[in-house]
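Presented below is the structure to which this report refers.
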Amino acid sequence: MEDLAPNVQALYRFLDLAGVFLMGIIGGTVARKQNFDIIGFLFLSLLTALGGGMLRDMLIGRGTVAAMANEEYLILAFGGALVALVTDFKGKGWELFQFHADAVVLGFWAVTGCVKALSYDLPVVACVFMGVITGVGGGMVRDVVIGSVPSIFTSQQLYAVPALLSAVSMVVFDAFGLNLVGMAISPVFAIALAMLSYWRGWYIPARPDFAPVNMTATQVRELMKLAEERGRRVGRRLEPPRVRSWRHEQKEKELARRKGEQVPMDADTQEVKAEQQRQEFEDALDVLLDDEAVVDSGEQWTLGTGERDDEAGVDEDASGREEKGI
């Protein structure tokens with residue numbers, strides 16, 4: 001394991017510098033598409049090549065930013081810009097080379113950022129975040145500068161996910177004390193996933209209509225409507241016949257009134273209508289009370305009716321005698 005350490009460090013050093021140069025070229029190709037001048041080439045290449053590492057170091061806040069402390073980074077970034085300035089890279093061959101080389105750099109940069117955060121004893125989540133920022137931060141800064149949405153948010157290819165996988169793998173290896181093994185193996189996960197996503201067309205689908213909370217609320221509203229309808233049906237079955245007849249009559253009257261109403265009502269008509277409504281309400285209340293009396297004391301109601309009938313008969317006999325002069 002001790003013999004592996006110098007080899008791993010040398011590999012990371014080489015790929016780190018090579019990645020800066022490659023990203024400088026990629027930044028220059030984007031500047032060409034935007035019709036930037038030489039200043040635009042230089043600045044866009046610098047941000048693309050060093051933006052991720054600079055964001056990482058500023059967020060960690062420990063010491064000088066690595067890109068400013070080592071002149072090799074600035075030289076290689078500007079060198080990539082000059083190469084892109086004098087050479088128009090295009091075609092399918094360049095696209096394939098750019099993507100595969102970028103995938104390799106992405107895996108190693110994600111591990112580099114994670115290892116640096118681990119060296120400062122940052123929390124695990126922060127270490128993973130620093131790894132992802134190191135890998136994709138330069139491209140994000142570049143896209144923001146040219147006024148477009150960062151491609152990692154809209155790209156049809158996995159880019160941030162491979163960096164995340166590589167950083168998580170590095171954290172797991174470090175937790176078991178296998179730091180060097182993690183540095184050797186973790187980048188492979190990101191490289192493999194990035195290349196597979198490119199050739200197989202894997203991507204994270206965007207679903208703007210996905211809203212489980214709203215869908216649940218809609219279902220609750222439907223259930224409430226169903227329960228309300230069921231309650232209405234039960235209420236209609238239990239409704240006394242006289243009340244049901246009165247309610248239907250009121251509906252028919254209201255329908256007839258709406259059909260026959262041609263002009264707005266004046267104040268007097270409104271008063272008459274309000275009085276009619278009050279009278280109808282009182283009549284309905286009397287009907288309800290009468291029905292309850294029928295349910296609670298049917299025998300008494302029948303008996304009372306008979307007494308009234310007898311009294312009515314006596315009155316009729318008396319009135320008959322008066323008419324005959326008796």
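Cβ coordinates come from backbone N, Cα and C, glycine included.
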Checklist entry - If you check TrEMBL, which stretch out of 12-31, 72-91 is marked transmembrane segment? => result 12-31
Checklist entry - Is it the case that the transmembrane segment (12-31) and the transmembrane segment (158-176) have 3 or more CB pairs under 8 Å, with pairs at least 6 apart in sequence? => result no
Checklist entry - What else in the chain is close to the transmembrane segment (38-55), if you only count residues 6 or more beyond its ends and a Cβ gap under 8 Å? => result 19-21, 23-28, 30-32, 65-67, 73-74, 76-78, 80-82, 84-85, 109, 113, 133-142, 145-146
